[in-house]
Amino acid sequence: MSGSSRRLLWAATCLAVLCVSAAQPNITTLAPNVTEVPTTTTKVVPTTQMPTVLPETCASFNSCVSCVNATFTNNITCFWLHCQEANKTYCANEPLSNCSQVNRTDLCSVIPPTTPVPTNSTAKPTTRPSSPTPTPSVVTSAGTTNTTLTPTSQPERKSTFDAASFIGGIVLVLGVQAVIFFLYKFCKSKERNYHTL
């Protein structure tokens, strides 16, 4: 075997290893944060929470304390509203006439809203793994009331077999091997000695 054939064989082997390693599924995927939202029945439907970026509007605040404190920290005026007719509590830029408003943190209640907030999530429902309950942490800041926050644990994601990816990986590897084979044959044909008559 000549020097160029060895290099070509070595390059083909490295390319095949690279293709096989790239075709393997990514095992270290992170599961999204999942919280359970109670419905009118006893069935629990999990929803995916998106990570929050720095809030710029009042609608992005989901608690009374963060809504009222936005006036001081983000230089925007927000009101925490309790609407009895719609049975909703939320943060808004301006008060509504049929809702009572809260503009001080000492008036904020720790009771969560009774109606679940609808989301536009397309995530499949996942089951929470059996794990010990995390200990709640108490967050306290000057001039506010104590609120107990329970951290949500991330459920493990079950990996499933994806037939389309498997077939695509096989086609990719066979295609790369065919290209390598024809390149090898082409280079081998160039190495022959041609004799003139």
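Think of each number as a place in line: the chain as shown, counted from 1.
Cβ coordinates are placed from backbone N, Cα and C, and glycine is handled just like the others.
These figures come from a predicted structure and were not determined experimentally.
Listed in Swiss-Prot:
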- 121-152: compositional bias 'Low complexity' (COMPBIAS)
- Asn26: N-linked glycosylation site (CARBOHYD)
- Asn33: N-linked glycosylation site (CARBOHYD)
- Asn69: N-linked glycosylation site (CARBOHYD)
- Asn75: N-linked glycosylation site (CARBOHYD)
- Asn87: N-linked glycosylation site (CARBOHYD)
- Asn98: N-linked glycosylation site (CARBOHYD)
- Asn103: N-linked glycosylation site (CARBOHYD)
- Asn120: N-linked glycosylation site (CARBOHYD)
- Asn146: N-linked glycosylation site (CARBOHYD)
- 116-156: region 'Disordered' (REGION)
- 1-23: signal peptide (SIGNAL)
- 24-162: topological domain 'Extracellular' (TOPO_DOM)
- 184-197: topological domain 'Cytoplasmic' (TOPO_DOM)
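On the structure: features taken from Swiss-Prot.
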{"residue": "Asn69", "record": "N-linked glycosylation site", "DSSP (3 states)": "helix"}
{"residue": "Asn75", "record": "N-linked glycosylation site", "DSSP (3 states)": "coil"}
{"residue": "Asn87", "record": "N-linked glycosylation site", "DSSP (3 states)": "coil"}
{"residue": "Asn98", "record": "N-linked glycosylation site", "DSSP (3 states)": "coil"}
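For Asn87 (N-linked glycosylation site), other Cβ atoms within 10 Å of its Cβ number 10. With the fewest other Cβ atoms inside 10 Å of its Cβ, the least crowded of the glycosylation sites Asn69, Asn75 in this structure is Asn75. If you take the Cα of Asn87 (N-linked glycosylation site) and the Cα of Asn75 (N-linked glycosylation site), they are about 29 angstrom apart, rounded to a whole number.
A distance of 23 Å separates the Cα atom of Asn98 (N-linked glycosylation site) from that of Asn69 (N-linked glycosylation site). Cα of Asn69 (N-linked glycosylation site) to Cα of Asn75 (N-linked glycosylation site): a span of 9 Å. Taking all protein chains in view, 9 other C-beta atoms sit within 10 angstroms of the C-beta of Asn98 (N-linked glycosylation site).
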